Amino acid sequence: MDHHSLDEFRRRWQEELAQAQAQRKRRRPEAAERRARRPEVAPGRGEQASGYLALAQGLLEGASRPPAARAARAERQDAASRSRSPPARDGAGGAEQLVDQLIRDLNEMDDVPFFDIQLPYELAINIFQYLDRKDLGRCAQVSKTWKVIAEDEVLWYRLCQQEGHLPESSISDYSCWKLIFKECRAKEHMLRTNWKNRKGAVSELEHIPDAVLCDVHSHDGVVIAGYTSGDVRVWDTRTWDYVAPFLDSEYEDDEPGMQPYVSFVRINSSLAVAAYEDGFLNIWDLKTGKYPIHRFEHDARIQALALSQEDATVATASAFDVVMLHPNEEGYWQIAAEFEVQKLVDYLEIVPDTERYPVAVAAAGDLVYLLKADDSARTLHHVFGQPITCLDASASQAAFGVKSVGWVHEGNKILVYSLEAERCLSKLGNTLGDFSCVNLRDSPPNLMVSGNMDRRVRIHDLRTSKTALSFSAHQLGVSAVQMDDWKVVSGGEEGLVSVWDYRTNQKLWEVHSRHPVRHLSFTSHSLITANVPCERVMRSADLDGFATHRRHRGLVHAYEFAADRLALQSALPACRASCDSTAGSSYDLALAFPSDSA
């Protein structure tokens, strides 16, 4: 380039610069007025945004300009930036700083790490499986790619299984597991609301005339009851079909009123067991009919009875012997194990989820035995003169109440033992009253609930070996108790059934009957309670009147809090009714007991 051309370029550049400065001065008042009308922005964002726009415009325009024009444009922008900003910096350094600042601000605004879209889909699913439902919902809003991954059927099926919704279903049963998960959550919320407000259906299970209730047990909505007349009845409350059939025994041909009392009854998903005062034991298969499939006889009265909730294992205690019964591979019942103990057995429980051999825990006086079918009886606990007052067992632990007697009263406690290590893990409580009931098997992890004769219900934290919560529940002592992840249901010796929300330490509602609550069991949608008289004395309906007889025979109530659980036909053949009428009523439970509303 010659000297004349250089002078001409400098003159034109100065003219353009002067024109640009003049235009900027004319536009400055208009820009100030527009900024006054605009909402305020964060400090520095406007300058950064204008810098980003200038950078982007320069990059786009520079791609279409010739080299000489681009050089002139760069010089003009450099001069303009020097006139606006006091600190001097070259064009290349400013551009690099703007690009770096742009990337940093984008990362701050998005707050999402860069995700490699070339990542294999299976690997992305494995990463997303560690997220809960809230995190999956947030990830679905990031991008279309993340939305597809976050709504994968495998992830939502796994969430349903983890929270206990439809545990027996497979992934191919439904086409949209996210929708199924939402419906299950809504149903769970509805059930919790019905529990709190006492809304649902209630029914008093039909009794046997001229007979007193002796024992009641239930499993998953199926109830079994034994009476002083020797009769055994079964109801399937899952179908709201309360016309209960009789389970026949071999006393059928005897004279009426000559049959022995029913001492104990137990039931699981497939078997029903009844023990009688004369030492006989009947076992029924609920899926094949109402006639006994096996009959076993003891020489003395049966003092304790246990039935496994998972398989067909029955344990009985009579005199100083404990017998375990189990069917062989051909289906014939036989004695799986027999043990001899030193004292009469008061409590007997079968340990759930044992792999090969059945295991039981027995309490006899001040002794606690661990009974394994492939081993002899082992003493788990023994303190002379301190009797056992209650017992319960889970898959790995056993909990029992110990009464402290003697000159030095150390306080009544609950001891928790490890069944594998056979050693004491924790000592809970230090009360003056006897622990009358304990529930370890049905309690949430690391928690346990107990009832005491000092009228209090206690929730124990097994991790810290301390009482997490205690509240006064029943005036004459607690006789039955159970808890889940938010509520406690307790029964008392005075016949009161109370429902508590232990998160707020508040009583939700209560109902009352005449006799002590001897059995209490609930699921997410139902509640079974049994008020069993202390005296097994039959009163004549002709002498005392039917109302008096009704008050003395005992009661069994069934509560249903989910309307969609009602069906017409029982799944168990032994519980199918011959008529179409049902005895249940659906209404607000708060109206059923108006005296309890206060």
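Even glycines carry a Cβ here, placed using N, Cα and C.
Annotated in TrEMBL:
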REGION    18-49  region 'Disordered'
COMPBIAS  29-40  compositional bias 'Basic and acidic residues'
REGION    64-94  region 'Disordered'
COMPBIAS  72-81  compositional bias 'Basic and acidic residues'
DOMAIN    113-159  domain 'F-box'
REPEAT    471-510  repeat 'WD'
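Confidence for the repeat 'WD' (471-510), expressed as mean pLDDT, is 94.
Long-range Cβ contacts of the repeat 'WD' (471-510) within its own chain (Cβ-Cβ under 8 Å, at least 6 residues beyond either end) map to 192, 195-196, 198, 433, 436-439, 442-444, 447, 449-457, 459, 516-522, 524, 527, 529, 531, 589-590, 596.
Using DSSP to sort the residues of the repeat 'WD' (471-510) gives these counts of helix, strand and coil: 0 helix, 25 strand, 15 coil.
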